[in-house]
């Protein structure tokens, strides 16, 4: 079965892709009648060497993404995974020659079709009196025994574009550029690994891999690699790749050893997620530095892909200071990353975490009657939530992922563990702040974030006073924070419904002579009634808002939990006779 592709037509996909790139980049122009992209400022290259490259389409951003000042002058593209036409290559050579360049270097990946077509165009151009040189890049480190065809051209070719571009921009002559990049290519190696195949538009996948297999050393057209191995961790895969690439018994090894300095390129073959690419880059840095190799520069991204292939390649280039200056030289090529001109190895990679703000004197004091009362309240709240775990989960299964009880139990156990470490702070503000941090770290989920917001905000009014009006203000502040960041409102069928109902009753605490227990008892009853009423509401926030209201015939578990917490607080305070 052919794979799905977002194309207008199979036949025109390469033309459309190149046209799209040129349409969006004013630094590029198409050469009429050919699948060729050129710098739009060709006239500025008079007296300099032009650099042309190319190959089959499907390897984007290679090669047209690397056209620009300091890199390529132009690119000739073939159909997908097909060498470009000789006529188009020759037309590109003529175009740059007629713009006043003093010679052209063809940078060609080592594939038979590319060598033949670029080679033939070169000979025809030379017959016309145009100075043309050609370098063939083979950086594949997969095959331990070299065949007559030599090493395949892979992602390392992009580094050659960069080196050659910097030399050309500096005014170096044609033959000298060809000589220098040929030497650089010998100090470079690339190895690929794939988790999946790829498919040319209109065709079936080029090969198949079992679910537990990966292919080591494959080519950028889906050609077979050296072997298939079982799926392993990122660290194990990178270690295996580096062992293979640097093994001196491997005829195509890259001569990297302890003390070497390298440019490292971690290249996405097209379908690897950025998450995985970052993991592979981290594994490569740690593995190389563990071998005593200095990473002078690191490039991570998509440079030479194989359509949608899920995999990556690793390129190592031995680098000294003169070479690094060429790598660091400025370029306007759109696909070349903005690489810092600083060695990766030896750089400080972390900053010390900020220190916690200093607490006011006495705010952290623990022990005493107030502290013991706080501990009793928290213990009762924890016991209540643990007892409700399965009930809350059952309520949550209808509208969420069935873990509301589990989440609240996780919070309860975290608080119990914290209480075992010592008595809680006597200061209500400090206590709520500590609970906020604890729940954010241990409770998890949106519930943890909402409780954390509520407690953080509620702590602020209690810093100055702890009388009944201050506790009412604390409730107001907590509710305001939950609404501001949670985007829920009363009536949305969330925990806010219970807390809001209680908060309305607690307004009475702001009046002189208010009775603690009468008001708190009314607040708890209102919260419980509000929780029960949520079963008749249509959800307006949270996961339940995506569920049909016809399926929501039970109270919201978050609202039930919030009401139960308030009931537990009331019971302890009544028993203590506060």
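Any Cβ shown, glycine's included, is placed from N, Cα and C.
Checking the ranges 346-366, 367-387, 388-408 against TrEMBL, the region 'Disordered' annotation falls on 346-366. Other residues of the same chain near the substrate site, with their Cβ within 8 Å of the Cβ centroid of 56, 57, 58, 59, 109, 114, are 54, 55, 62, 63, 77, 78, 80, 81, 82, 83, 220, 221.
Cβ neighbour count for residue 109 (substrate binding site): 29 (other Cβ atoms within 10 Å of its Cβ, all protein chains included). Classification of residue 59 (substrate binding site) by DSSP places it in coil, neither helical nor stranded.
The average per-residue pLDDT of the prediction over the domain 'DhaL' (372-571) is 92, rounded to a whole number. Each of the recorded positions 59, 221 was scored by other CB atoms within 10 A of its CB, and the lowest score goes to 221. Within its own chain, residue 58 (substrate binding site) has 14, 80, 81, 198, 200, 221, 305, 306, 307 as residues 6 or more apart in sequence whose C-beta sits under 8 angstroms from its own.
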